Structure formats: structure tokens, C-alpha cells
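Quick notes on the structure that follows.
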Amino acid sequence: MTAKWQSHLGLIVTYAILLFMVAVTLYPILWVIGSSLNPGTSLYSSSLIPQNATLKHYTWLFTSPESQYVTWYLNTLKIAGINSLLSVLLTSLTAYAFSRYKFVGRKYGLMSFLVLQMFPSIMAMVAFYILLSMVKLLDTHLGLILIYAGGQIPFNTYLVKGYFDSIPRGLDEAAKIDGAGHNTIFFRIMLPLAKPILAVVALFNFITPMTDFLLPQIVLTSPEKQTLAVGLFGFINEQFNNNFTQFAAGSVLVAIPIAVVFLLLQRYFVTGLATGATKG
Amino acid sequence: MVDSQVETASKPDRPWGKPQIAACLSVLSMGLGQLYNRQWAKGVFFLLIQFSYLGVFFDFLNIGLWGIVTLGTIPKLDHSILLLAQGIISLLIIALGLVFYFLNIRDAYKVGKIRERGEEPPGIKETYQTVTGYGYPYLLVAPGLFLLIAVVVFPLLFMIFLAFTNYDLYHSPPAKLVDWVGFDNFFNLFRSELWQNSFISVFQWTVVFTLVSTTVQFGLGLFLAILIHQKRVRFKKFWRTVLILPWAVPAFVSILVFTSLFDNTFGPINAMLTSLGLGGVPWMTDPFWTKIAILLIQFWLGFPFSMALCTGVLQGISSDLYEAAEVDGATPFQKFRSITLPLVLYATAPVLITQYAFNFNNFNIIYLFNEGGPPIPGSTAGGTDILISWVYKLTFDSFKYNYAAAVTIIIALVVMSISVYQFRRTRSFKEEDLIQ
């Protein structure tokens, strides 16, 4: 009897903890959604369940001449899109070479990638700032994209190389015997086979610029070139209590698409990060 | 290289044969050894490469090397930082040149060996064919490698050099020259009163933040994963989907939202505490409470990833183990201690280590929450600054590039040691050559 009671009690405690965690998890999210629907503009007047809910802050973001939200969004999408393509291209080339060929410096190359991927590129921010201003790439999207695309190479090369390694070598050897050249093997056989991992790399490198704050903050200075993260930060920072609800609306519109994509694909993120970490 | 020449020549037990002569000639000048080996086209090609390399780069390298040693001598005319950059590029170009130079010597020696055996060395046509086939991987690696050197390796080198200069607001070119100061910046971080206080308190908080946030977020994630994994718990999918949300929402959005939730006067958290009769907490203005808030937020941000990771591991553990343990009369806690925990830790250890490294450099939470504040009088860092956000402030608020670089090197050393530790336990790297 007591054992049964204990097990019931355990179950109740489990559900209580889970419910508590769900509340803690959802509260900030629901609160910001609620705030974005509040008619007032200040933090003080916002509440979880707004009275007279309104969408006017959303329309303000898109229609007001004072709002640069659309520009920020387009900038961010542009940077993220180009970075994603460039990264996939660079990474697949490098990873394929490391997976299938023997060449001078291969072993040391892999080793230095392993070390380099531990250092986030923001660590060199002092240097980025000075160097970009020297080559006149400060305040350009190109400068930002190059830093992203270069910085991701070590980590993602490992990820993609691991995938290439798992494709049987017999496949490309057979193609070679049939007279296929290096390029044919790479573009016609290997790349299509590696599509799943390339999709993961593309997604990683799309999400990173979407959600990054520090690098755009350093590299981009003029307001019309900002990305969403920096723009929203300026929003809440400069005009704190006045524009809070507009900030909330802006945040919701950033968070929803990313969160949806993320929930659909989170399985791949977990395995991707896990294998990436064990591989290097 | 002269040493190796002498060494080879002075070894009495080795016959002074043709490969050695070829190698020595190649030491004197690229291509000579190849000419000696009667590979005319290759030899001429190598000679041409060598002279065009010297012709194109000589002036650049000359100024670069002079620049990196002196950092300029005439203010307003010599730009120290440009010279430093040119110096580093020169070093990279020289390193590249040396690689080719040694490959040339090795080639001369190898072909010499072939000739010594009385075989015919490969002709120009065959060489061309091997180079194009053999060169394919270099072609593949080249674009990525070039970008990597330009935006990762070069900035890192540049920063390392900066740490040994006095480059700050008062020594900024072109008006002023920058000088080498040796290890002064590092000594000052540990010795000078002002810097020492800032550095030690920032370093301590960085370590505490890293250890506490990563450990708790992992523990919480594991705990929740186990709770949901229990057979009798229903709506598993619902719990997992909702609890993964903090990971799905971009961190910068969540942190900015928390900034307003924790607001001292208008924030709902203080409003809630006041209505419970506890009174408001100075989340934004008291360093202690700001730290607590930052830790709480990081737990919130970090637990879902660990939960997802642990769920995957738990689902892979065979239930036989638990059934066997139950037969032996193990308590739930014993099962956790001896089965679940070791297996989960074994599988997730590499990721866990990267998490520690990540939080060590977790700039976003510190800066976006309260910009590292509240400010502390008599310190160059705010009350909650970690090393990386301090570097940011040193660079962009007080323009002390030299100290920023020095602190970054210290960060790099810490990250490097974590990385070496992880590197040692990475199995896949040891198995690396089995794949070939």
C-alpha cells in the first residue's frame, strides 16, 4: 500500500515539476506576445493578457516612415542567404578534399581545423575592426559575410568530411573506372549524395547571421545597413520605455519563423552538434 | 637550411652520391637541382618561379620586415599599424615561399634517387599529368584555405602582435607611432593596481559563470529528460516540444525580453515580488543581483539543448539493463547512479566540454542583458563583465587595443587548454588514418 502511494506521489511530483517548467518556459514568450498586442507603447502599461488588443504595432513596423524594420529584415535575409550559399560551397570543396585525397599538409590541416574551431571568430574582434577599416570593408555587408563564411570553415568541414567518409569509396572508384573525371565524380556523384549534411550546413549558416549580435554590431555602423539583432537592441536601448511594445512586435516577427524552422528540424541540430563535437 | 647541407655533407658513412648533389644545388637556387637531374623544362620553370617571386615581392617583403621590426620611425609619415599588417602578410608570404622551396629540394633529391637507381626520371609530359591529377585536392582546398587565412588566421596573428604593442587612443597612427613594449601589457594586468583589480574580479566571475551556468543547465536538462522519459509519464511529445522552445527562440530576442522582465521599476518580476510582499530586487543596479539574474536566464536558455541531447541518449539505453537492476533490487537512485549517469556522461562529454567553452565566451547574455553593468567605480570593467565582454569594452569604449588583445590571448590560452583536453579524448581523430 505504501509503495503504491509512494509511486503515485512520485508521479504527482513529476507532473508538478513539469508543469512548473512549462510555466517558466512559456511565461516570457507569452508575455512578449501579449505585450506586442497592447495598445500602449510603454513597458509599464504592457501586460500578459492585454485589454483592447491591437495589431497597430505590427502595422507600425511595416508602414511608418520612422520604422526601418523592413530594411533590417531584408538586410538580414540577404546576409544570411549569401552566407549560407557561400559556406556550403567552400565547406563542401574543402571537406571533399580532406575526405578523399591524400595531399601535403592534410594531417596538419585537419589538426589545425580541430584547434581553430574551438575559437569563435569574435575573439579576434579587435583585429577585425582595425583590419576591416584598413581594407575599407567596414560598414559593408561583404565584410560581414566574408567573416562569417571564413569562420565557419573549420567546424563545418569536420561535419561534412565525416559524412563524405561514410559514403563508400567503391562508388567513386567505380565511376573512375568508367572514365569519370575528378569534377564529374565530385559534382555528379558526391555532392548529390551529401545533400542531407549540406542542408544542415546551409541551415546553420543561415541561422547564425539571423541571430548574431556582436559581429554586425562591430562591422555595420550606419543605421540603414543594420541587421535585426542590432536594430532591435538599439530600439529597446535608446527608447526604452516608449517603444517597448513595438520592440515586442518586432521580436515576435523574428522569433516565429526561426522557431518554426527550428522545431521542424531540431532533430538534425542535435545529431549534427553531437557528431560535430565527437568528430572534433 | 645551411645546417642541413653541412650535416649531409659531413656524414662519412653516406656515399656522396647524385641525389645529395641535386638537393644541394636546389638549396642554392630553386631549379638548379632539377637542371642537374636533366629535367630541363621543370628546372627552368622553377627558376622562373623563383625569380618572379623575388621580383614581385622583394620590395613588399623588404618594407614589411622592416616595418614589423621598427613599426615605423617617422610620425605622420609611417603608419605603424599598416606596417604591422604588411609585416604579417610578408611573414605569411615568406612561409608560403619556404614551403615551395623545401618541396623543390625534396623533389630534386627524390628524382636524384630515381636516377641513381638507373631509371629514367619522368618527362615533362608525365609530370604535367601527375601535377594536374595530383593537384586537384589543392584546387579544392585553395578557396576555403585562402578565406580562412584571410579572416581567421591573419586576424589572430595580428591580435597576438597587438598585445605586445602600446596601441591605444594616445598612440594611434598616423599622428603617433606605435612601439613594441614586450610583455608590459601582461605584467600590468597582474601588477598595476587599477588593472589588477579589474582583471582578477572579471576573471573570477567568468570562471564562476562558466562553471555554474553550464553545470546547472546540463543538470536541469538531464533531470527533465529523465522525468519525461519515465514510462508512466504521458503526453511526452507535448512536454518535449514546449520545453525545447527556449532553444528555438533566438537567444538575442529572449535576452532582450528578459531585460524588460527584470526591469527594476516597471518589470513584471519585481511587480510580482512586490505583490507577494517581498519588495523589489535591484536586478539592474546591484552587481550581485545582476549576476543572479544572468545565471537564471542562462539556465533558461541552456537547459533545452542538454535535454534534447540527453533524451537521445536515454532512448538508446537498452531497458534490459534496468530490468536486470530491478531483479537485483536496485533503488531508483542506484539505477540512476550506476546506469543512467555514466552512460549519459560518456555519450555527452564532448558536447558538454564545448558547452563550457561556449559559455566562457558567452558575450550575448552579458552584453545584451545589462551591457556588463552596473558600472563599478575605480574599475575598467562593469560589475558583470566576463572576459570577452570586457575585451569589447576595452576595444570600443576606451580604445585600449593593446589590453584588449592581451586579455584575448589569455582567453585563447584557457580555450586552448579546454580544447587540448577534449582533443585527447576524441576517439575519431585517432582513428583518422584508418579511413584512408
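Each residue, glycine too, has its Cβ placed from N, Cα and C.
Note that the structure is a prediction, hence the values are computed from the model and not measured.
The annotation domain 'ABC transmembrane type-1' is assigned in TrEMBL to B:203-422.
Annotated transmembrane segment per TrEMBL: B:44-69 (among others), in sequence order.
Positions annotated as transmembrane segment by TrEMBL: B:81-103 (among others).
Marked as transmembrane segment by TrEMBL: B:138-164 (among others).
If you look up TrEMBL, you'll see B:202-226 (among others) marked as transmembrane segment.
Annotated transmembrane segment per TrEMBL: B:238-262 (among others), in sequence order. Within the same chain, residues 224, 228, 268-270, 283-284, 293, 297, 300-301, 303-305, 307-308, 311, 364-365, 368-370 sit at least 6 positions outside the transmembrane segment (B:238-262) and bring their C-beta atoms closer than 8 Å to a C-beta of that stretch.
Positions annotated as transmembrane segment by TrEMBL: B:292-317 (among others).
What TrEMBL records for B:338-358 (among others) is transmembrane segment.
Summarising the annotation, TrEMBL assigns transmembrane segment to B:401-421 (among others). Within its own chain, the transmembrane segment (B:401-421) has Cβ neighbours under 8 Å at 159-160, 162-163, 165-168, 181, 185-186, 188-189, 195, 199, 353, 356-357, 360-361, 387-388, 390-391, 394-395, counting only residues six or more beyond its boundaries.
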Surrounding residues of the transmembrane segment (B:338-358) on its own chain - C-beta under 8 Å, 6+ positions past either end: 210-211, 214, 217-218, 222, 226, 302, 305-306, 309-310, 313-314, 316-317, 321-322, 325, 330, 415, 418-419, 421-422, 425-426
